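Taking it in order: structure first as C-alpha cells, then the write-up.
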Amino acid sequence: MEERILSESAHAEDQEEWSLRPQTLDQYIGQEKAKGNLSVFIQAAKIRQETLDHVLLYGPPGLGKTTLATIIANEMGVGIKTTAGPAIERPGDLAAILSSLEPGDVLFIDEIHRLSRSIEEILYPAMEDYCLDIVIGQGELARSVRIDLPPFTLVGATTRAGMLSAPLRDRFGVTLKLEYYTMPELAAIVTRTSRLFGFEADRMAAEAIALRSRGTPRVANRLLRRVRDFAQVAHQTAIDATLATGALDRLHVDALGLDDVDHRLLRSLAERFAGGPVGLETIAATIGEDAQTIEDVYEPYLLQQGFLQRTPRGRVLTPFARRHLGLKEGN
C-alpha cells in the first residue's frame, strides 16, 4: 500500500517534527474531557508525592497519544522511556527496560495490544507490585528470582482497546479515550504549527486545512507542511486561503478530506454494486486493496463522517456520499 498523505499512521517526516509538539497540558489543544481528568489525576499524585497510576490511552491513530505520554512525564517532572509492543519480543527485552527505570519514570508502550501473552504475564507483577519475577536456569535447576523495581507509571497506547486482554486492561487505574478533533480545534493546531514554521496561516487558510484533516492533528500538520512547500515555491511568506485551497486541490484532497482512494472506494460501491450492500472482501478485490487495510485504514473516517454504513449484509453507500460525489440516487 502506498503511503497516503491523509493516512493517520505516522510517516517518517512526522517524527522529525517532535519540537512542534506541546510539552504541557496547557499547550495541548483539544481532548478537553481527557485532558481535564488527567490534570486532576496528576495534581493529586503530586500532592500525595506518589507516582501517577498506570494510564491507558486509546483511540484512532494520530490523535496525540504519544504526545500525551510525554506531557505526563513533563507534568510529573520525571523521565520517560519509549518503546512499542512489537519491539518487545522476549521476556529479557521487557526485563531490561523495566530494570533501567528510575523512581517515578514513565514507561510508554505504543501499540500495547501487540504484546504477546507471555510478555503480558511478566508485566502484571511489575504493574501491581513493582517487582519482576524471572526464571533462571532450565529444567530441574530452574529457579524463580524476584527483582524489586522502583515505582513507575506505565502509559499504554492502543488503537484497538478491545484486543487487550482483560487482566492487562484491568491493571490500568486511568483509562482515557481520545476522540476525533473538531474543526475549530484543528484550525487552532494549524495556526500554532504555522507560527512555529515561520509561515503563519490566516484564519481562513487554517480552517481550509482543518476541514480536510479528517479530525486528526497528525494529518493537519502533514497537510500544512505540503501547503508550506507551495508557499515557499511561490515566494510567499504567509499562507492565505487561496494558496491553501489551491495546494490542497493539487494534492487531490477534497473539501471534506477525501482523497483519490476514498473516491475510488465510494464510486465502486455506487457504480458497480448499485450502492450495496456488498461484502468487504468483494470491495477489496474490486479496488485492489487488502480487506484488512480497508477496514483499518480507509473505513473508519468514511463511517464516522456518514459516507458508509455497515449492515449485516455488507457495506452500503449513504445518500450523503452520493450527494458529495455528485451522483443521482440509483447511480
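Note that the numbers count up from 1, one per residue, in the order the chain is shown.
Cβ atoms are placed via backbone N, Cα and C, with glycine included.
Per Swiss-Prot, these features apply:
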type    : residues                                                                                 : note
BINDING : Leu20, Arg21, Gly62, Lys65, Thr66, Thr67, Glu128, Asp129, Tyr130, Arg171, Tyr181, Arg218 : ATP binding site
BINDING : Thr66                                                                                    : Mg(2+) binding site
BINDING : Arg310, Arg315                                                                           : DNA binding site
REGION  : 1-181                                                                                    : region 'Large ATPase domain (RuvB-L)'
REGION  : 182-252                                                                                  : region 'Small ATPAse domain (RuvB-S)'
REGION  : 255-331                                                                                  : region 'Head domain (RuvB-H)'
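Positions of Swiss-Prot features highlighted on the structure.
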residue : record           : DSSP class
Leu20   : ATP binding site : helix
Gly62   : ATP binding site : coil
Glu128  : ATP binding site : helix
Tyr181  : ATP binding site : coil
Arg310  : DNA binding site : strand
Arg315  : DNA binding site : strand
Average model confidence [pLDDT] within the region 'Small ATPAse domain (RuvB-S)' (182-252): 92
Cβ-Cβ neighbours of Arg310 (DNA binding site) (radius 10 Å): 13
Cβ-Cβ neighbours of Tyr130 (ATP binding site) (radius 10 Å): 16
Candidate with sparsest Cβ neighbourhood (10 Å radius) among Leu20, Glu128, Tyr181, Arg315, the listed binding-site residues: Glu128
DSSP residue counts for the region 'Head domain (RuvB-H)' (255-331), split into helix, strand and coil: 43 helix, 9 strand, 25 coil
Alpha-carbon distance [Arg310 (DNA binding site); Glu128 (ATP binding site)] in Å: 40
In the chain carrying Thr66 (ATP binding site), residues 6 or more apart in sequence that have Cβ under 8 angstroms from it: Thr82, Phe108, Asp110, Ala157
Euclidean distance between Cα atoms of Tyr181 (ATP binding site) and Arg310 (DNA binding site), Å: 23
Local Cβ density at Gly62 (ATP binding site) - other Cβ atoms counted within 10 Å: 26
Largest CA-to-CA spread of ATP binders Leu20, Arg21, Gly62, Lys65, Thr66, Thr67, Glu128, Asp129, Tyr130, Arg171, Tyr181, Arg218, angstrom: 37
Tyr130 (ATP binding site) to Arg315 (DNA binding site) - Cα separation in whole Å: 47
Between Arg315 (DNA binding site) and Gly62 (ATP binding site): CA-CA distance (Å): 25
